[in-house]
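Annotated features, as they stand in TrEMBL:
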- 20-43: transmembrane segment (TRANSMEM)
- 55-79: transmembrane segment (TRANSMEM)
- 109-128: transmembrane segment (TRANSMEM)
- 135-156: transmembrane segment (TRANSMEM)
- 168-190: transmembrane segment (TRANSMEM)
- 210-236: transmembrane segment (TRANSMEM)
- 248-270: transmembrane segment (TRANSMEM)
- 315-366: region 'Disordered' (REGION)
- 315-325: compositional bias 'Polar residues' (COMPBIAS)
Amino acid sequence: MSTLSDDELGMAFGEVMYVNIMLSLLDVGIQLFMFLYGLSVYLESPASLRKGRSPYIFLSFIIFAMACISGTIDCAFLFKVFMASTSPYDFLVQFIELDGTPVRFTSEVMFTIVVFIGDGLLLYRCFIIWSDKRLVIILPTLTYLAGVGMGIDSLIPASSMSTRASRVAWIFLLVSTNIIITALISFRLLRARSRLAKLLPDRTNTLDTYSGVIAILIESAAPLSIFGLAFASNMIYSFNNATIPSELAQYILAGLFYSFTALSPQMIIFRVTTGRSWLSNPNFHNASGDSILSKPIVFAQHTPAEQSFLIATQPGTGESSSVEGENSDGGSVELRQRTTAHAHLTSAPETVEIQTSDRPTGEKAV
């Protein structure tokens, strides 16, 4: 097998770093779109639908700002290295020499904060969906806290081997946390979808919106877990068997993994702010044991699916609706309906009981 010359090695490394910078800029651009679009939807929504979304908007801005600062610093750093290099191999030498500067350290701190916030959001979403069985959250919470400690430790200046060992341990704790959370959220969403499909067979479109394949992949941060697992596996291999292809692959996988540490929570926030995700436990029972289907249901025409979902799950809203029209003689007819629907879930067999009161005169009960 032929070996690369010094200039070929430097050129290959420069190309990989250029690809990583492009990924970083693309990542920041996507985040900017999701933040601005989510913010515009939030500002245009009525006050009743804004409830519970404000913290998500704030977190979206923090993640975007930190990722933008980190990406800007990396672009400036790479430009400086390019300008200081006299040959492709000298680019590699300059990169290694300047890698420990305060500018690079600031970028790493910004990225670490993004990781802490993103994983914290994923853990919070897992806590919401498992709010009725909180013991399940113990394991991902412990791995998250351990990851925070190792992430801080990896930022402390030390020998290169010690820093790399700390970073390997941190990455593995991050990946472990992401995989556990992905499995827990996916399992709960699939189970909730199966049970809701039996109760609401005619609402498959709405079910796909909140528990379809794409929804589950986003809500569970599956891409982050996949790229994280690939990155960690390659890191273990190159830790003891360092080769040029494995080192180059590590930088590419690192770029993908680091991009999704910000994109995955942003996509979840985007779904929440646009009304396509759940703000509370999407299962049949909340933390107090009450059925979520026992809340008032609003029957509205020409209402988007996401708005109907949010209205239906908001407490104290939609208890009544009124319809006004005109009869065939041109006279005014006012039809007011007050409908209260309650759905009760029983364990065996699963049945739904709907009670309706104050139906208009002449309407036949179903």
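A Cβ is built for glycine as well, from the same backbone N, Cα and C atoms used for every other residue.
All TrEMBL annotations are machine predictions without curation.
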Taking residues 6+ outside the transmembrane segment (55-79), which of them lie with a CB under 8 Å of any CB in it? 17-18, 20-21, 24-25, 27-28, 31-32, 34-35, 38-39, 42, 98, 101, 103-104, 106-107, 110-111, 113-114, 117-118, 121, 262, 265-266, 269-270, 272-273
Seg_contact(the transmembrane segment (109-128), the transmembrane segment (168-190)) with at least 3 CB pairs under 8 angstroms, min sep 6: yes
Chain residues in Cβ proximity to the transmembrane segment (20-43) (below 8 Å; excluding those fewer than six residues from its ends, i.e. six or more beyond): 50, 53-54, 56-57, 60-61, 63-64, 67-68, 70-71, 74-75, 78, 251-252, 254-256, 258-259, 262-263, 266-267, 269-270, 273-275
